[in-house]
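*Asks:* Here TrEMBL flags A:103, A:104, A:105, A:130, A:146, A:150, A:299, A:303, A:304 as L-histidine binding site. Residues or ranges marked as domain 'Aminoacyl-transfer RNA synthetases class-II family profile' in TrEMBL: A:34-366.
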């Protein structure tokens, strides 16, 4: 029969793999080639979390925009340093060479340049794609959702930067993920530090990448990488080591402002002065105690030019039933003053600072918590239109149409003659609180029997009052 | 400087092209290679429309799911007939061959099969991709959003099918797009008609495609295509022509049930009987007068097996300032009982029926209407924290942090010493209703001056009462 297509061995393998996986962890949804489906339970949790994040963005006056999931390949190249190899490219089917976006920052910069926008506060929630090795436990997938907030425009120093950190603080507090810390550094301090330690310019990017590994790797291993693969002299590596193993508050900033070597470097000096101002603003915002100036924070991406930050959970939440997720970054961002200029014909710069919330990891944490604690409601149906007698399909259909037209969330079973028990069970399974029952007697009396699933109490309501009665009960609950 | 990447001639061309286009239609956002960016204005409109659609889906008890934007190429092939050539494929970078999803129906069927789900009512809002020739006027892009509602499971005939049509009716009525009509047919009637007219099996799919063109093309041209390219005999073509030029209500169904040729075809007979039952249910739902049984509706996609439908606007809304958009399909769907079985190792079937709302076209209509009538609010900020004096940045920061922590939507200008006028202008531009003013006097008196932008009235509020006062005013407005 022409409508049925072939089903390849390859697809079978994937299906088999999937079934194995999903039988192991039924709630992670279909996972293949590093992506996954999201079940209604997961979607319900996601909706709650995304609403909280978006609400916070709107609280700070951000406008929403959207961009295509793919960009000209040209737009994405040379923006992500070592990570560029993780970009998904589309097949050349004629026309332009395209690639799936790797983050929401580069498309935003492209958007600003193309529309000649010099000032904008925007948020963007959307999927991005990276060909990384996926990990269910850490909630890392090849397709994942990002929630970005960015402030573009020429303003007085550190005021927008401080607001970005305030937003991260607000969101992580609202979501109650447990204690967290926001590491802060400045790209100019990082580069200045490399310079005064004697790292050759052409090695900056690689050293950046390995510095970022400190914490995941011991200093000994990081040093090994620097002196080995990258080819720094042990002396230079140790000078870097002395710096990047320090972290603290504003006092460390002041101390480094006095550092004989670092203070001689113009870039580093600017960075440190800005960090000092930043800490002053963070104190005014009342969040300074959660901020740590951390010299090992380097953020590999090419486009950062100033302040950089990364929020980490201090310990994975340990309520019963929760798998340990390990400490991980749940938000990050920084200042990128050069990126928009790269997309402008005349190279006109628009300074930007922004943040990205790592919602996937947050989803994993909250999912585990909710699965462990309570049943997750996946529908919002208010009333089931039911009957206890045969041949009442037509009456049920007339009634449910009235309810739908009044905006009431109603369902009925798609059977001509469902058993009354089946209908009641459906309510209990799916959490529908009310049943509107119609039968011969009700029809004769011109009433509808309204039953509360919880209390099992039934009352007759005049047919013409049923809508208002249901609305009244819903507004009360 | 290593952070700056190259900027190719290709990208320049695209940018140039874009600038040309956008200067012609500044409100369509960046349009290139058939996709576009969405501006804050467009996003604000989209949010309203999508909320209305999703609310209706939830009214009918649907659960949300999500699937990856790409699927195994194998999953998508042989599902879309002639249109398969429009599928976007990903580059083979090692691993599986992937392609961007063409609709949300095939991923849903794959989801059901993989998770062995036999019964589900779900909605899915997401982007899909088709390599079509784009058209701004008709709101057709290569990347576009779909809103799908589907009912999977073995139920009594035509009850879920009728609900799908009710949902289309509810959504189009709620969105007030003007008068509309929902064309209905059944794939079995179409195939049966082809059979009794003597169309060879291997030509069904091509004839389907050209029948679909009736309306866009005259019967004369359709006939030309059938007898020419496809190679039907004129006699067969004319027999088809006699059928497909008919449309009407349930009476036409009854008439065709008596049709000597058609009634002899088992498939067609089943289809017609179901259509008769469908019309009965649609009458109970009170929407029959908007339904037209239309024999020229064929719906090219391979996977349909039963009832098919398509909603069209009868005339493009003609309020002043609106470009004529031409009559077009704004919703469509049908029954596909074979698709899930194609993804099940044992070929177990799960009957499905569903609908897809063509939100892009709806967006274009509403956008034009709103742009023509009123200014679109893109932010929801409630209060601007301002000052009339120099050196009050720190006080503004302390105050705005209090407001943010109380969940109030607040902004401030990112300047140390903005002029008071600039701050008031910002409120008027962006529609912020309140200004919280702090200065020396207020600081001394321990108050905040609260100004209404509209009335220009100012009152002093005790610092400790400012949050509740703003919340009170917001709840009133």
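Cβ atoms here come from the backbone N, Cα and C positions, even for glycine.
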*Asks:* What is the maximum Cα to Cα distance, in Å and rounded to a whole number, among the residues A:103, A:104, A:105, A:130, A:146, A:150, A:299, A:303, A:304 annotated as binding L-histidine?
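*Replies:* Between the most distant Cα atoms of the L-histidine site, 21 Å.
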*Asks:* Ranking the binding-site residues A:105, A:146 by other Cβ atoms within 10 Å, which is at the bottom?
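*Replies:* Per-residue Cβ counts within 10 Å for the binding-site residues A:105, A:146 bottom out at A:146.
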*Asks:* With an 8 Å cut-off on Cβ-Cβ distance and a minimum sequence separation of at least 6, pull the same-chain contacts of residue A:299 (L-histidine binding site), or say none.
*Replies:* A:185, A:187, A:208, A:212, A:308, A:310, A:332, A:334
*Asks:* Who sits close to residue A:103 (L-histidine binding site): which same-chain residues at least 6 apart have their Cβ under 8 Å from its Cβ?
*Replies:* A:80, A:128, A:146, A:148, A:356
*Asks:* Suppose we draw a 10 Å sphere around the Cβ of residue A:304 (L-histidine binding site). How many other Cβ atoms does it contain, all chains included?
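*Replies:* Here the count is 26.
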*Asks:* Going by DSSP, is residue A:299 (L-histidine binding site) part of a helix, a strand, or coil?
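*Replies:* SS state of residue A:299 (L-histidine binding site) = coil.
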*Asks:* Looking only at the domain 'Aminoacyl-transfer RNA synthetases class-II family profile' (A:34-366), what is the mean pLDDT?
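*Replies:* Mean pLDDT, the domain 'Aminoacyl-transfer RNA synthetases class-II family profile' (A:34-366): 92.
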*Asks:* In which DSSP state, out of helix, strand and coil, do we find residue A:105 (L-histidine binding site)?
*Replies:* helix
